[in-house]
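Engineer: Please find one structure pasted underneath; my questions will follow.
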Amino acid sequence: MAPQTETKAGTGFKAGVKDYRLTYYTPDYQVKDTDILAAFRMTPQPGVPVEEAGAAVAAESSTGTWTTVWTDGLTSLDRYKGRCYDIEPVPGEDNQYIAYIAYPLDLFEEGSVTNLFTSIVGNVFGFKALRALRLEDLRIPPAYTKTFQGPPHGIQVERDKLNKYGRGLLGCTIKPKLGLSAKNYGRAVYECLRGGLDFTKDDENVTSQPFMRWRDRFLFCAEAIYKSQAETGEVKGHYLNSTAGTCESMMDRAQFAKDLGVPIVMHDYLTGGLTANTSLAIYCRNNGLLLHIHRAMHAVIDRQRNHGIHFRVLAKALRLSGGDHLHSGTVVGKLEGEREITLGFVDLMRDDYIEKDRSRGIYFTQDWASLPGTMPVASGGIHVWHMPALVDIFGDDACLQFGGGTLGHPWGNACGAAANRVALEACTQARNEGRDLAREGGDVIRAACKWSPELAAACEVWKEIKFEFDTVDKL
């Protein structure tokens with residue numbers, strides 16, 4: 001094998017001593033049903049051939065290294081290597097390409113999202129031949145999917161446990177997120193739940209701080225849940241954040257929540273770790289707890305268009321690892337989300353079979369082989385005027401979380417919750433009657449205001465509040 005030692009002028013980049021194309025670029029390869037497929041957006045360094053860059057990604061994320069080693073002869077590299085089988089330019093972008101790579105199933109440990117990510121994205125992102133690299137999508141074959149439990153319960157079982165059908169679920173993140181005592185925190189939870197919400201939520205960074213230790217919070221929130229259930233006759237819940245500094249502490253918190261008889265706990269799956277999340281999901285399945293997942297830290301990984309990991313991949317990873325809810329963006333609120341792309345990964349979270357559709361960012365057809373679905377959670381800067389769009393975009397199988405849009409009501413938390421509940425039911429009824437919420441949503445809300453003073457007050461407060469900025473992909 002001829003070494004490459006040429007230094008590219010003006011870049012200081014040395015292509016290395018091994019030509020990956022000879023082994024790992026295989027455009028004639030026929031993809032197998034059992035292969036794990038990856039679509040990488042890559043930006044090669046100046047002077048690096050695109051085929052070499054694609055082959056390098058395949059090599060460094062599977063069996064390759066920078067030189068030939070004698071132990072290559074002790075195994076069958078042709079059986080275990082990743083293969084770059086196709087490369088296409090990204091329309092409208094200079095020097096950006098989508099590299100399609102197939103990985104044999106035997107490269108991965110069964111039931112381990114941690115091992116899957118360690119192999120595919122663990123090392124290759126620092127490769128010198130690439131200026132930038134982004135994992136856009138993965139195809140998980142049924143043969144691998146079947147090695148995972150997935151979400152503890154899934155959407156249908158959650159509805160059965162809650163006895164709530166025919167509409168989206170309503171939630172609220174308690175604010176201020178930090179600083180309240182446990183008793184005052186529980187009071188805020190109670191007011192929201194008795195006003196008409198289905199759930200309230202710990203914020204992602206509420207764990208066990210000096211002003212509110214986790215055990216005290218769990219106790220006061222459980223009291224709020226039971227009191228509001230007795231008043232309303234509905235099943236209520238609060239996402240008790242079980243994320244902790246150690247896996248042992250995390251499991252202790254989940255165990256305490258189970259002992260209290262509450263229906264749901266919460267985990268920050270990226271900061272807490274995928275291994276910890278899978279363990280918690282298995283515990284929740286075995287003990288009848290729903291599991292709400294927050295995606296804290298996701299934007300560090302997924303926000304840049306040319307480097308990192310797209311959220312659709314993180315969403316697929318979570319569905320494998322296990323979670324009944326996952327924050328997914330809103331399209332209409334303060335947090336970023338483009339409509340068609342967001343709907344693409346929302347479908348990947350909750351549907352069983354999703355066809356390839358590049359207009360929605362779906363690079364591969366995904367068959368989840370009856371793995372339970374994960375309910376998307378829309379939150380971040382939304383209020384009652386957004387309700388028609390949210391019902392139109394997400395449909396019924398979603399949890400709509402109004403934090404400031406509940407607690408910011410001028411008459412208090414319970415009235416804010418009532419306003420959101422009235423708006424949701426009015427929009428759901430209008431949709432069921434065949435009305436076009438995208439065009440008539442404002443009229444639906446205004447009509448509902450006539451018989452809900454709480455909604456009328458909310459509409460007056462938030463009538464001018466908008467979050468209109470371009471997404472990062474357009475900047």
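Note that Cβ sites are derived from N, Cα and C of the backbone, with glycine treated the same way.
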Engineer: For the substrate site that Swiss-Prot gives with Asn123, Thr173, Lys177, Arg295, Ser379, which of His327, His409 also belongs there?
Structural biologist: His327
Engineer: Counting other CB atoms within 10 A of each CB, which of the binding-site residues Asp203, Glu204 comes out lowest?
Structural biologist: Asp203
Engineer: Using Cβ atoms only, which residues of the same chain lie under 8 Å from Lys177 (substrate binding site) while being at least 6 residues apart in sequence?
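Structural biologist: Non-local contacts for Lys177 (substrate binding site): Asp203, Asn205, Val206.
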Engineer: Round to the nearest Å and give the CA-to-CA distance linking Ser379 (substrate binding site) with His294 (active site, proton acceptor).
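Structural biologist: On Cα coordinates alone, these residues lie 11 Å apart.
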Engineer: Would you find the one among the recorded positions Lys175, Lys201, Arg295, His327 whose Cβ has the most company, meaning other Cβ atoms within 10 Å?
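Structural biologist: When each Cβ's neighbours within 10 Å are tallied, Lys201 tops the list.
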Engineer: From the Cα of Thr173 (substrate binding site) across to the Cα of His294 (active site, proton acceptor), what is the distance in angstrom?
Structural biologist: 12
Engineer: Just report the maximum Cα pair distance in Å for the recorded substrate binders Asn123, Thr173, Lys177, Arg295, His327, Ser379, no decimals.
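Structural biologist: The two farthest binding residues have Cα atoms 36 Å apart.
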Engineer: Based on Cα distances to Lys175 (active site, proton acceptor), point out the closest of the binding-site residues Asn123, Lys201, His327.
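Structural biologist: Nearest listed residue in space: Lys201.
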Engineer: Can you tell me the three-state DSSP label for Asp203 (Mg(2+) binding site)?
Structural biologist: coil
